[in-house]
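Annotation comment: TrEMBL describes 151, 215, 286, 491 as Fe cation binding site.
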C-alpha cells in the first residue's frame, strides 16, 4: 500500500520482551524485561528498530544470569547465601522494597525528552531515535511517591500531569497529583524539568493501610478525576512479602462488597469538590476521556466486574491453548458516568440529579452522598485511545482493541460514542496492539488522520507487520512487514518529526 506523505515521525512502543534469564523464569507476562521498538516514517518508507531497555534491573539480571530483581508478580532472592545473619539483614532491607526500574508499560514526554515508564517511582530517559537507555530518574527525589501511573496527561502548555501514591508518611497514605513543567526558566537550562516538579494537590486514602490501585486518571478543562476503587494494595502484606516468599501481586485484593468513590479536584483552586459521589464496586485500568457539559462531568472508562484480568497473564496460563483456556470471568465494559457537580441543593432525596440526556443516573441519598449508575456504551473493547486534541473535551471516537472472552485482542475497533456504531479491522490469526491515532496536519474533523497498530501473527513463522488504517473509513492504506520476531506490546506514542531532537 501507500502511506500518506504527511506521515513523518516515530511510532515508539514499549512492552515486556524477555521472560527467561538463565534458568530462571518470570511468573507473569507484565514482569518481562522491557523491550522498546519503533517504526520510523520517512518519505513514505518505514524503518524498524528494537532494543531492550538497559535498566539497572536488566544489567543486574544479565550479569547474574538469573532474575535477581523482584517484579510485581515475581519475587527474587538475590542472596543465595545461607548465613542466617545475612538473610535476616536482607529481609530487613526489603521491608520498604527497592523497586525495579524495568519501565515496561508506556512512553512519556517531559519537556523535549522521552522516558520509558512503569508503575514504580523510577522512569528511564531514552533516545527515541536510537532507543538507547539514558539516565534513571527517581520521582522520589522530587515528590514523595512510591508508585506512579504510566498514563500521564499533557495540558495545552505541554506540562505533564501525573498521579502517584505516597505510602511512606507514618500511615498517612495519600494520592498525590503532581505537575512536571514542559520547560525550565532560561537561566536554569542545564537543570531538568523534574527539579521544578510541583505537587498540585493530595487526596487522603480512605484506608491508610489499603490504598487503591489505579492505572490512569481523568482530566477535563477544569477538573481532575480520580477514582478510588476497591481493588487495593495491602501495605502490611507488601512489607512482609519478601519474608513470606510471595509476590507483591498477591498483596492486591478486590472487595466486591465495597464502594467505588469518585474524587473531583478543581484545577484552579486545587481543592476537592466536597460532595461525595460513589458507585458500585468495580475494577478498571483505563480512562478513555472526560468532559464538562451543563454543570456535569461526563467520563468514560473501561471497567470489569472482578480482578481476573491480571490473573490471565500469569505465564503458566499463557500456554499453547491459551486462546481457548484463558477465559475472562468478566468482559470489559465501556461505562459512561454523568456526575452533576451543580445541582439543586433542595432536590428531593432519591431523585435523579442528571439533567443531560443519558441513561446514566446520579441519585441523592439521605446522607447527602450521591449514588451514580453508568450508561453502558459498549462491551468488549480495551486499550482505548482517542484523538488527543479532544482530550478533556466533548468527543465522538474511541479507537481500541477488541477483546471478547480472551484477554488477547483479535481486532481493532473504532467506536462512535454518540451513535454507538462500531467499525472493525481484523484478519485471521492476527493479534493487533493498542491503536494509535495520528491526526492529519490540516484535519478539520476528529477522525481525520490514520490509525497505527503493530500486528503479531499467531503462527511464529508468519512475519509481523505495522498496519496503517484510514481513521475515517477504517480501510487499510498500507502495511510494513518486518522480518523479525516481534512481541506483543502494551502502550506507546507517536512522535511527530518536529518533536524529535536530532542529536
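Each residue, glycine too, has its Cβ placed from N, Cα and C.
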**Study point:** Cβ-centroid neighbours of Fe cation site 151, 215, 286, 491, 8 Å, sequence order
**Key:** 105, 106, 149, 150, 216, 285, 287
Study note, to complete from the structure: Least surrounded, by Cβ count within 10 Å, of the binding-site residues 215, 491 is 215
Review point. Over all shown protein chains, what is the count of other CB atoms within 10 A of the CB belonging to residue 286 (Fe cation binding site)?
Key: 21
